Amino acid sequence: MEKFYDEIVSVKAREVLDSRGNPTVEAEVTLSTGVTGSAIVPSGASTGKFEALELRDGNKDYYMGKGVTKAVNNVNNIIEQEVVGLNAFDQVNVDRVMLDLDGTENKENLGANAILAVSMAAARAAANSLGLPLYKYLGGVNAKVLPVPMMNIINGGQHADNNLDIQEFMIMPAGFNSFKDALRAGAEVFHNLKNILKKEGHITSVGDEGGFAPNLNSNEEAIKYIIRAIQAAGYEPGKQIFIAMDAAASEFYNEETKKYSVDGKEMSAAELAEYYISLIDKYPIKSLEDPFDQDDWEGYSEFTAKVGDRVQIVGDDLYVTNVKRLQKGIDLKATNSILIKLNQIGSVTETLDAIELAYKNNMTAVVSHRSGETEDSFIADLVVAVNAGFIKTGSLSRTDRIAKYNQLLRIEDELGSTAQYRGLNAFYSIKK
């Protein structure tokens, strides 16, 4: 018998709600020692077309078609039978059994939401069985790096009902010595931004990810407001706090005309690149995600060749946490960073594989939430486990976002003097 062995004795799933009030899957795995682990999967709004399939019921009379009873039943009636009896400490095997059972490239038979819920719950159960925090179980003795938070404080695009094309305007408090100080600085900027927007007559209600969603004259105006908020909080833009953007460009790309619609103008990929470069030259922008359409490999490669030595270019919809697409990006030098979302690929093992491939090719990895989140803080442990250096988990409001920040505070506290906050050194894929 293997030295570390704790058998899965039951797997149960149920339908619960995410932060948007839509159903999602929660799974609970019980081991032979009586230990349990549970996990809830998130759900995205601006989804890449190459993502693994999130199985929804499609019954318009039940949660407006968004029910997940099919996925829940797949866990309870199909997956459980196959994973009961497996060793919970063999995560790769647990995941492989589920992937083989599904048998499709994009998990369309069982649903990525069904497989991932069990995958995450099994990892939690195994960690609990050993009495280890999840980040130590997943990452081992060297898990010690706290991430630079990329805080989405102004929302646009698919995440808000306003007129901004760019989906996320984020702050990155990279010029600090600890996660705790970085988080505080971010919160102070968030509150100052609220005061400034309020004073100038803007609505300060928040979007899906907890950021503000004002109607502004242009995307650049959002950056200007953030710069003012950083200064009002007593910090220096470009020294302590930097700016990041997620364009989510596939959302404003017209496949027929091959043009991008930004600030009311139709632009080619080359014109859009020049637009981004003009912003990068003007403001302390350190990271830019999904600047082009998810099929525009050429646009990415040309842009990364131009500015990849000074900006982190992150592929999200481009890669969908998929090693095959990531390998293509590596071959084409498409980006110098990848966004990591567990539910884009649908298992813990495949997520770790994507991170490993990125690291081997000197790319950074940004671990990310989805716009439809829950109280589950798995990604906070994951980002420390793999020493990723960056996390995207929303703004400084809404419990579904704060749950991750609070878990990171706990982890930093627990690691004590061994905790590392790399700050600007986390940007290793940008040629210094």
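In case you wondered, yes, glycine gets a Cβ from its N, Cα and C as well.
Together with Asp246, Asp316, the Mg(2+) site in Swiss-Prot holds one more listed residue from Glu274, Glu289, Glu350, which is Glu289. Just one of Lys136, Lys144, Lys194, Lys341 is listed by Swiss-Prot for the same (2R)-2-phosphoglycerate site as Gln167, Arg370, Ser371, Lys392, and that one is Lys341. On its own chain, Asp316 (Mg(2+) binding site) has Gly48, Asp246, Ala248, Glu289, Asp290, Ile338, Leu339, Lys341, Ser368 as residues at least 6 apart in sequence with a Cβ closer than 8 Å to its own Cβ. Lys392 ((2R)-2-phosphoglycerate binding site) falls within a strand when secondary structure is assigned with DSSP.
Between the CA atoms of Glu209 (active site, proton donor) and Arg370 ((2R)-2-phosphoglycerate binding site) there is a gap of 8 Å, rounded to the nearest whole number.
Among the listed binding-site residues, namely Gln167, Ser371, the Cβ with the most fellow Cβ atoms inside 10 Å is that of Gln167. The Mg(2+) site is defined by Asp246, Glu289, Asp316, and by the 8 Å test on Cβ atoms against their centroid, the other residues of the chain that qualify are Gln167, Glu168, Ala247, Ala248, Leu288, Asp290, Val314, Gly315, Asp317, Leu339, Lys392.
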